[in-house]
Ligand SMILES: Cc1cc2nc3c(=O)[nH]c(=O)nc-3n(C[C@H](O)[C@H](O)[C@H](O)COP(=O)(O)O)c2cc1C
């Protein structure tokens with residue numbers, strides 16, 4: 001649910017969701033997930049930073065996309081920026097597994113927030129893949145893989161029921177033949 005508004009989860013609810021994140025499967029106990037909480041007036045700073053960097057890039061947004069992004073973020077009460085930490089001291093667990101683990105942590109957190117009645121939206125938009133943006137959020141690209149940000153809040157409208165593909169399209173029996 002992209003369109004979320006105040007109220008954000010309480011500190012107690014947020015603590016529950018963040019603790020759920022830490023229960024993600026984690027090969028080698030590397031705890032690769034990292035989160036930055038961005039709230040209140042800092043969301044405006046986040047929007048300004050991301051949009052400024054995006055507009056300086058070789059792929060700037062058209063003006064209406066700038067306005068739409070600003071409008072969206074002006075209503076979001078909580079952003080959780082997410083990253084995977086690369087611990088170079090461990091050479092056994094491949095980066096792909098660390099990224100998967102961090103992704104599982106994010107999903108655990110989303111499930112917990114959704115169960116508490118909040119809406120969440122995982123985005124890699126605006127300036128997510130720009131080094132300067134990542135570094136400004138505290139996730140320099142040498143030590144972290146920035147994975148985007150979650151918008152969290154109360155759904156602005158009732159979450160519509162969405163038709164999903166049948167799982168049978170993605171499952172088959174393996175018999176060893
Ligand atoms: C890592 C990741 C990044 C995403 N980035 C975007 C994005 O930048 N913009 C977007 O519209 N959806 C993005 N999505 C998809 C949305 O989070 C969401 O899954 C999609 O809108 C479908 O909604 P649903 O999950 O409720 O079916 C991303 C999903 C993932 C897992």
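Our numbering is plain: 1 for the first residue shown, then up by one each step along the chain.
Glycine too: its Cβ is placed from the backbone N, Cα and C atoms.
What TrEMBL says about a protein is an automatic prediction, not a curated fact.
As recorded in TrEMBL:
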type    : residues          : note
BINDING : 27, 122, 123, 124 : FMN binding site
DOMAIN  : 7-153             : domain 'Nitroreductase'
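With respect to ligand 1, the binding-site residues 27, 122, 123, 124 contribute 122, 123, 124 as residues with a C-beta closer than 6 angstroms to one of its atoms, given in sequence order.
For the domain 'Nitroreductase' (7-153), the DSSP counts in helix, strand and coil order read 67 helix, 30 strand, 50 coil. Across 27, 122, 123, 124, which the record gives as binding FMN, the greatest C-alpha separation is 26 Å. Within the set of binding-site residues (123, 124), the lowest number of other Cβ atoms found within 10 Å of a Cβ is recorded at 124. On its own chain, residue 27 (FMN binding site) has 93, 97, 101 as residues at least 6 apart in sequence with a Cβ closer than 8 Å to its own Cβ. The Cβ of residue 122 (FMN binding site) lies under 8 Å from the Cβ of 106, 110, 148, 149, 150, each of these being in the same chain and 6 or more residues away along the sequence.
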